[in-house]
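Single-structure report; data block below.
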Amino acid sequence: MAEVQKIHGIHAVQALIKARPDHIVNAWMDRQRKDAKLQAIKQSLDEVGIRVDYVDKKTLEKLSSNANHQGVLLTAKLPQERTEEQLKKALKEQQDQAFYLVLDQVTDPHNLGACLRTALAAGVQGVIVPKDNACRLNATVCKVASGAAELLPVYRVTNLVRTLKYLKTEGVWVSGAAGEATKDVFEAELTGSVAIVMGAEGKGLRSLTQQQCDQLIKIPMSEKVESLNVSVATGIILYEVLRQNQRSLNS
Ligand SMILES: C[S@@+](CC[C@H](N)C(=O)[O-])C[C@H]1O[C@@H](n2cnc3c(N)ncnc32)[C@H](O)[C@@H]1O
């Protein structure tokens, strides 16, 4: 059977019904809970044709592996990753306002999930990952991303170097993050159409990836620390892009 994700809690369930109702497989609710928020969720599920199974609290706890379910639990098919062709189409529409995060072989699902969550918060339009040696969208990623994996397109590309070259031909300014870079992120040019490239947990940015970057940037650190976690470094750099561009997060 294809892997499914468990979604629980009022906010996450509402977001899923809104974003991907066709991916919902099962729905359970606590039969004792009659509050307005749960009734609204039941109505939304009725509208999209999903049957709700009412169960007692203990059963819901067991089904949700003792998560803080707030009276509702869904299972859903995982969000679909997008293709290189879809990326090209999206880029054409974004013109001079593209904002992408590229993860060069990030393998840890917790890191990928955390990067997606931060990227969505910072207004990134899509996350680009390579086909090989990189974590796929799985249930752990979706859980850590707290709804971001459902809303933020993840483009899986066959050849990252080719994609970076393509981004540049489309006028995107590509910046790679590397602790050993000489340019400080807070002094680097990060305005206009940008892609931020982050390296893998253990080996950092691959050299062929680095060669495609217009600039390499570092986050200043105390000498006592060797490197930051990739999701933390991602957050710092994406918010510097946001600060420099004064982008509206509602656009
Ligand atoms: C855990 S680090 C990788 C450490 C790896 N040993 C290396 O040499 O790059 C994962 C990624 O986070 C980003 N990163 C971590 N610390 C950074 C820093 N101080 N400045 C810029 N990027 C950083 C880089 O993209 C890096 O490839």
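Cβ coordinates come from backbone N, Cα and C, glycine included.
Any TrEMBL annotation is an automated prediction that lacks curation.
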Candidate from Leu190, Leu228 that TrEMBL assigns to the same S-adenosyl-L-methionine site as Gly199, Ile219: Leu228
Residue with minimal Cβ packing [other Cβ atoms within 10 Å] among the binding-site residues Ile219, Leu228: Leu228
Check: same-chain CB within 8 A of S-adenosyl-L-methionine site center, minus Gly199, Ile219, Leu228: Ala177, Ala178, Gly179, Met198, Lys218, Ser227, Asn229, Val230, Val232, Ala233, Ile236, Ile237
Helix, strand and coil totals (DSSP H, G, I; E, B; other) for the domain 'RNA 2-O ribose methyltransferase substrate binding' (6-82): 32 helix, 21 strand, 24 coil
